[in-house]
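Student: Annotation source Swiss-Prot lists disulfide bond at Cys7-Cys61, Cys8-Cys23, Cys11-Cys57, Cys13-Cys21, Cys31-Cys38, Cys35-Cys50, Cys40-Cys48, citing similarity to another entry.
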Amino acid sequence: SSKWEACCDRCACTKSIPPQCHCADIRLNSCHSACESCACTRSIPAKCRCFDITDFCYKPCSG
């Protein structure tokens, strides 16, 4: 699978309905392709994390 495809290994959801899920993965230089709210450190390489809240988890990246 493409490394740019949206995926997440460490996803956490609340038990509410609908659930509120977020991905805790740290990626180098960019967030996954579906991320709208991405924050990166200024280090080289940059460590980026997606802060989107969704009602689902993306499929795992490592498979």
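Using N, Cα and C of the backbone, Cβ positions are placed for all residues, glycine too.
What's the neighbourhood like for each of these?
Tutor: The number of other Cβ atoms within 10 Å of the Cβ belonging to Cys7 (disulfide bond), over all protein chains shown, comes to 21.
Neighbours of Cys23 (disulfide bond), defined as other CB atoms within 10 A of its CB across all chains, total 26.
Within 10 Å of the Cβ of Cys57 (disulfide bond) there are 17 other Cβ atoms, across all protein chains.
The C-beta environment of Cys21 (disulfide bond), restricted to residues of the same chain at least 6 apart in sequence and closer than 8 Å, consists of Cys11, Ala12, Cys13, Thr14, Ile53, Thr54, Asp55, Phe56, Cys57.
Cys31 (disulfide bond) falls within neither a helix nor a strand when secondary structure is assigned with DSSP, and so counts as coil.
Every protein chain considered, the tally of other Cβ atoms within 10 Å of the Cβ of Cys35 (disulfide bond) stands at 20.
Counting Cβ atoms from all protein chains shown, Cys48 (disulfide bond) has 18 others lying within 10 Å of its own Cβ.
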Student: Measuring Cα to Cα, how many Å separate Cys40 (disulfide bond) from Cys31 (disulfide bond)?
Tutor: 8
Student: Fill in the CA-CA distance, Cys50 (disulfide bond) to Cys38 (disulfide bond), as an integer in Å.
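Tutor: Their Cα atoms are separated by 4 Å.
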